[in-house]
Structures are given as C-alpha cells and as structure tokens.
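Pulled from TrEMBL:
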- 1-24: signal peptide (SIGNAL)
- 46-245: domain 'Pentraxin (PTX)' (DOMAIN)
- Cys459-Cys471: disulfide bond (DISULFID)
- Cys466-Cys484: disulfide bond (DISULFID)
- Cys478-Cys493: disulfide bond (DISULFID)
- 714-738: transmembrane segment (TRANSMEM)
- 745-764: transmembrane segment (TRANSMEM)
- 779-798: transmembrane segment (TRANSMEM)
- 885-907: transmembrane segment (TRANSMEM)
Amino acid sequence: MVVVGQRSVLAVLVIIMTARITSSQKGGGTEQAFTFSKLYDSSHKGGGGTIRVLSFNMDGAQRDNTWIKYGESVRMAEDYTLCVRFNIWVFRLLTAVIYFLATQDYDEDPISFEVYFEKIRTKYGGYGRFYSLPANLATNKWYHYCQVRDVSGGEGRVYLDGDLIVREEVAFVTDTNTRDVVIGQDEYQLPYSLSGMLSQVNVWGRVLTHDEILSVSRCEVDLEGDVVTWSNQWQMEQVEEQEVPLQELCASVSRGFLTVPLPLLRFPDAVHVCRGLRGFIRVPTKREEIVKEISYFQGAEECDRQWAGVTDEAQEGSELLFRENNPDGDKYQNCIRLHVKGLEDTSCEKHSCSACHTPAGTTWTLRGICEEEKRMYYFDLVGKPLGFRGYGEYAVKEIMTGEDVIGWLWYNTITNTTMATLHNRQKDRTYPIGRLTWETKEDICEQPPGQRLLTFSSCSSTEFTCSDGSCVPFASRCDLKFDCGDKTDESFCDIVNFPDDYRSKLPPRPASDRALAISVNVTMDTLNVDTTTMMLTVSYNLRITWYDNRLTYNNLKHLTRLNTVSQEQVDQLWRPTIGFINTDDIQNTIVDSDAITTINRGDTHYLPDLSNPYEVEIYQGNTNPVSTTRKYNTVFTCFFDLILYPFDIQNCYMNFQIISASSEYLIFNLTDSFVEYLGPKMLVEYSIGTIDLDVNNASQYSVSQVRVELIRRYGYAMLNIYIPSLTLLIISYVTLLFRPSIFEVRVMTALTSLLVLATLFTQVSTSLPKTSYFKMVDIWLLFCIVLIFLIIIWHTVIDLHVEYKDGFGFGINTYTNSNKPPETWADSPSSGSVSNVTSIKVRPVSSARTLDVDKKKKLLFCGKLARVEFNLQFYIKTSKISMSVIFITFNLIYWGTLTVGSGLVYFY
C-alpha cells in the first residue's frame, strides 16, 4: 500500500471528560448525567495496512449529539477536491454526511455532501444541486464519493466509485470564508443524523485527476489530503472507532454470502423457504464442509441433523459423501441429511434444520404499502435471528411466545408503532416471504386497519414475485403461459388503468390543447376492380392509433400482441369512429369481437408502482398509443376517365372521415399514417401502380384519402381488338393489289372486313361503360372503318376507269407480259399479249396537249400537272400510296400520343 506523507509520530489519545450536570429533584436527590467527548490524533495509517473507520448511530436511532469535527478550521478559496468513503446503515429523509460551514455564519454558502437514497446533493459554496444516481444506493455497502471544484476550468464534477456521474459548467466565485468541518449532523437535528460508517475523509487544494480518484476508490492507494487529512486530529462525539484493512472497504462490494439457520422443516418446505430467501442449501463434497455446515447449529439440541441440498431420487445411490452403510433406504428414502461421519439418506417428510446461504446485501422490497419516501419500501436481510432491517424506519421481526415463533411483526423502529402482523397458519410455520395477507394495525393507502395483501420479496426490478416468493423474469408476466409454480404470473393481467373521472364518451384532450391527432394504417390484402360498374372492392386491415393521456398502462411488453386489451376494458375505452365516405351505403368502423385493441409500447420509461402488491410497471398514456385493428371488406365507388382506354391509368380513392368529432377536436396525423398493399401487383385487368395516402384537416371533419393507381393491362385489348382490326385493315389494303378487272372480289373482301370490324366495334362498346366521349379504342376502330371505307371508294373509282369490251373481263390481263402498262393506250391489244384477250379501251381524261406554248411557259407548274394522265394506272398507284400515307400518319399521331401520360409506357 502506498502511503503519502508518512509521519513517525506516535498516536496520542486524550480523553476529556466533560460533566454536564442536570439538576432535577427526584426523591430529594440530584441526578448527574455525563457526556464523553474524545479528541483523536492519528498521524499513522493504522498498523498492518489498516485504515480508521468511524461508526455513527449503528442502531438506527436518531440522535443530535453524534458527530465529528475537524481539529482546525480550513480555507478552500480556489480549486479543491473533496473525497469521502461512506457506508449508510439507515437512510434518513436527508442523511447529513459532511459540511464545511463558514465560522462567522454557518448558514452562509456551505460546502456539503448529503445523501437521499435515490439521489445526492452537492454544494460547492454558493452553488448546489440535486443529482440523480445511476441506481439507488444500498445499505451496508461502501461507496467512494468525490466532488471537484475546478475554478480555473469553470467546471464542477462529481465522482461515485471512480465513475464521473456529473460534469457541468459553473461560474465559481472566490471563497474567502474560513470553515469548520462537521460530519454526521445537519444543524444538529435528530431526523438528519448520520447512521452508518465513514472513512478516508480528505480534501486537497487542487484538482485531482481521474486516474488519482480511480486509484483511491479502488483502494489501490491511501492518498491523504493537504487541506483536510483523515489521519489528523478530529473531535468526536458519541462515535465508535475501529481499524479495518483498507482492502476490506473495497471487498465489501462483492458482499459474499449470509448464512440463515432455518428451524425444523420438511425438506420440500426448507427448499421452498430458502429459495424464497434467494439462497440455496449447500451440498458438501468434503468432510471439512460437512463439519462447517453443522457448526452453524452448535448449541441447538433439536438441530442434531441438517438437510443437504440434494436428493438421490433421480439416481439411487449416486456418488455422494455417504457415511458407512448408506444409502440404505432404497427408493423410499430420497433426501439427504448431514452427519459428522458423512451423509445419510432419510425420508423427505421428516423435520430437520438447514443452513440457507443467501447473497449478502440482497435488497428486499415490501409492496402494497403507500409511502412518500422510497427508502421506506426497502429492507436488508438479517441472518440470526431471521429478520429484516429497513432502509428507512421500518423493520420486520419474529413474534415470540417463549421459544416459539407464532408470527411476524412489521413495525416502525423510530416511533415503535406496529404497522401489521402475520400469524402462522394452523400448525405450519409461516415466513413473511411472497404475497400474503397481513393484519394491518394502521391506515395503509387510505384503507382502515384490517386485512391487506402485501408482497415481501427479494426479487429484483427485472423480476416478478410469485405468490410463493419465487422469482421469474418480469418479461414472463402475463405472456400467456405459466412460469410460476403457483401460476400467479398470469393473474391480474389487466392493462388499462382508468381514473375515477374517466368518460368514454369524451375524446382525450392533449396537454397542448390542440386537436387530438389520429393516425390510420391501411394494409390492403386484395383488390378487385370492376370497370363496367366503376367499383373498387378492397379487403384490408384498418389500424387506428391515438394517444389517451388520461390513462396509464400496466406492464407493457415489447411484443405488441402481448399488450392486447381485454374486451371488458375495450368497452370502457373511448374510441374514434371513422366513416367510409365513397361507398353506396353508410359504413363506418366498428369495434366488436373481430377487432383487436392493443397498447403499443412507444416509450421505455416507466414508473414502478410499489403500492400494488403485484409488481407493476406503470406507463403513461401520453407516450404509449392505443391501437384498434379490424379487417374490413368494402366496395368503394370510383370515377374512371376512359379516354385513353385501353391504355388508361385510373386513380381510385378510399375516403375515410372522422365522424366522432369535428376537426377542432380530432384530426388525422399524416406523419404516422401509412398505406401498404400486400397482394399481387398484377390483377386480371389492371396492374397496381403507386398507392399513397393524404389527409385534409382543413374541412369541417378531417378526411384521409388513400389513392390506388391502376394501370390497365392492354394485352387483352391488343390480342382481341388491335391485332384483329389491324389484320382486317391489312386484308382490306391487300385488295388494292388485286387485278382491277375483278371488282366484285375486291369489293366483297373489303366489305366483309368492314362488316367484321363493325361487329368488333359493337362488342367492345358493349363491354365498356357508356360515355359521351370517344375513347382511344373507339378512335382506332373508327379509323379502321373509315380507312376500309376509303378503300372501297378507291375500288369504285378504279372500276370506273376500267373498260370492258366483252363480258365482265374476269380473269383478263390488261397488261403486257412485261407487267408494265403500255406507254400509249390503244384500242387493240398490245403486241405480245395473250391471244383471245378482249382489249380494254381507256379514255384520256386530260386535254392538256392543246394548251399554247406561251401559256405553258407562264404556267410551268400547271403545265406539268396538266401533263399527268389521270388514267387507270394513276388511280391504282394513288390508292396504294394514299392509303399507306394515311395509315402511317395516323399511327404516328395515335401511338405518339399514347407514349405520354398513358399506360402504354409505364415505369413501375
């Protein structure tokens, strides 16, 4: 151990006895009372690496004359570091630890450190604050505290067990006061006196580094201060002193084990009680361990045998340290008792004592009482005799009648008031462990004296106490399966707490006095679209979520389905009603047996309710929303714009409106609302595009609108309309390539195509809603009809220019073998023509050759036009070219128009 500033000065112990004579006339005599004051100077560090420890009021009593004072006044003008190691035995409302008080006025800007169980208070002199701790402090446990005033850095820092827990900027002023150092009293008031132990109180006139503070807190070094030195002279009043090894102050963090001797009990009862004490019954593996276990019951004649914490029922004759000729009970004796010569088997129904080894320092909690101070709920286990010492003013002890324990007493150690009693049930001995009915003697939670259910257990804050005192993980509470042996973990699982003034007809009102925001989540499973009736049928789950700040909730789980509200409580809840607007009839949300109401755990912060005998985590309604989910199948009306059919994109809407109240009180929350579609993207007639949600809170009643984008799948129309019509159009065009002489064939083919196309047009129109405007498919079919009609007209024109000599000329070729028409048409057949062919005469239409030469020069263009011979060949060529040009031009315009804003080209 490193020792700073060693002195080789002997300790001087001076005892000054001051007589305070109190005169009182009692039986004619005078009674004298004496109070002893001790002045201690220890310039050494304790022999053999020990450190001085002072104890204050270890019986828990409140006294105003228990304190120590530093031998000289000090000054702390600038930077300083104050460190103290403390161990609280009983927490007060305010536990006075150390004060640096101005000599001229004790009330002027003190430097101090106070303990409040769940928090501490630090004053730097003119500046002080309360600081919450990472965890509540425990009794009978050493803590190391340091506070640093860094004037030059403008910071105040607080360390607990070497960890920095507070660091804040503070504008300190120069401290010119001369101060007295007082420990254990705050203005010498009874309720605030220190009950516990102190050691290593030192003050340095500089800022210690974090490493130095960490070394001192870990007992690696006993670093003494230069302003206040723990080994210097102190004046002590009613304080006990002892020397302990320095390492023991840090070793107490691990606590070790506390042995509780249990009286005569059956083995199952002994195991049950020991488990309730959070302990175990040891199984000795060596003879030395057997002797040690038996030594716990020296002097107790009835405890000549003790239980070992094991049975050989699972495997008869298993390898244990049995005495000679044991085990000998076969399957009828399965429990093990200790004997100085070894283990022996016996019946589990016999009564024996047992040593229960439980972790020392385990915090016990008494639930079901109402106390303003949290310290009053917590206790420490006392081993012998078995009892419980409170962190505050309470204690629980055995009620004895002679040598028999008839029950348990819960009382106030300061006022000596009996709070409640617990008596044995019939002949069985009762232990105050688990959830039991006590007989109260005082008003508790505004309940008059009588029977009250209280829970006394060692379960931690992350565990649930079964009624028999055993502990299970708190997550197992109300998780739809039994975890406690007595199945009490699935009892009292109501989630919602209703205040007395709750009204289910009135909506919640946020603290901001604004309208309550309600979010809607729409999850669509299937969609069905009927174009003819313009209806959208949707199967969907509608989830409505809101906050109700009037409510509180119990034990919310991370898994939302475990936070399902019972139907009885659902009937008491206020719920928003949402109407479905664009439907043929009046529909709105309903909450029935098909609806599921849950509480969503949106906040991890909760408040423990220690007044409830069942462990309860209380969550606030303003941070944990309520949700109601139900499946609906609704038919919504849509309005289709079919101009671009069958390449159209339609938008169908699902309109929801809050009808419980106007938008002054209830609105939709767009931020937390969403919509999703889980079904197939490709339907029979449509494919699903964008689905989004929008709200309108400006109207009288807030409206939420879900838009479903439908892109028509035009494959059916292409196969049944466009390709057949295009085929008919091609067939009609091909008739222009037929021989001019077969007029009837050419016309009949075109007319047949026209007739089929008209029939197709009629069928398409029947399968669509009747509209007063043209659709793109109508334009296409009308174009096809008109084009075929023009082809028929061309056939007629061509036929008018064909001259027939004999008959109808069917099958007669009017051209030469070269398949080119003659340059000059004559009345006789051309040379090389087929014999017996009737010649066809063509009358020239134009007489442009009779124009004068001067006029040709003036009208050159007209002259060229006049030289065109409007004969049969001209009309045949013109019909082919004109029909092709019209077809190509139309298609460029038609399909070019569809490439923008239609479903022909859509990127998903």
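The backbone N, Cα and C atoms fix where each Cβ goes, and this holds for glycine too.
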Give residue numbers and ranges for long-range contacts of the transmembrane segment (714-738): same chain, 6 or more residues beyond its ends, CB-CB under 8 A.
646-647, 685, 745-747, 749-750, 753-754, 756-757, 760, 764, 777, 780-781, 784, 787-788, 791, 794-795, 876, 879-880, 883-884, 887, 903-904
Counting other Cβ atoms within 10 Å, pick out the least crowded of the disulfide-bonded residues Cys459, Cys466, Cys493.
Cys493
Tertiary contacts of the transmembrane segment (745-764) (same chain, 6+ residues out, Cβ under 8 Å):
721, 724-725, 728-729, 731-732, 735-736, 738, 777-778, 781-782, 784-785, 788-789, 791-792, 795-796
Residues sitting near the transmembrane segment (779-798): Cβ under 8 Å, six or more positions beyond its termini, same chain?
721-722, 725-726, 728-729, 732-733, 735-736, 740, 743, 746-747, 750-751, 753-754, 757-758, 760-761, 764, 872, 875-876, 878-879, 882-883, 886-887, 890, 894
Cα-Cα, whole number of Å: Cys466 (disulfide bond) versus Cys478 (disulfide bond)?
12
So of all those disulfide-bonded residues, Cys459, Cys471, Cys493, which one's Cα sits nearest to Cys484 (disulfide bond)?
Cys471
Are there residues at least 6 beyond the ends of the transmembrane segment (885-907) whose Cβ is under 8 Å from a Cβ of it, and what are they?
644, 647-649, 689, 711-712, 714, 729, 733, 776, 779-780, 783, 787, 790
Roughly how many angstrom lie between the C-alpha atoms of Cys478 (disulfide bond) and Cys471 (disulfide bond)?
14
If you measure between the CA atoms of Cys471 (disulfide bond) and Cys493 (disulfide bond) and round to the nearest Å, you get 17
So how many other Cβ atoms are close to Cys478 (disulfide bond), meaning within 10 Å of its Cβ?
20
If you run the three-state DSSP split on Cys471 (disulfide bond), which class comes out?
strand
How big is the gap, in Å, between the Cα of Cys459 (disulfide bond) and that of Cys493 (disulfide bond), rounded to a whole number?
19
If you average per-residue pLDDT over the domain 'Pentraxin (PTX)' (46-245), what number do you get?
90
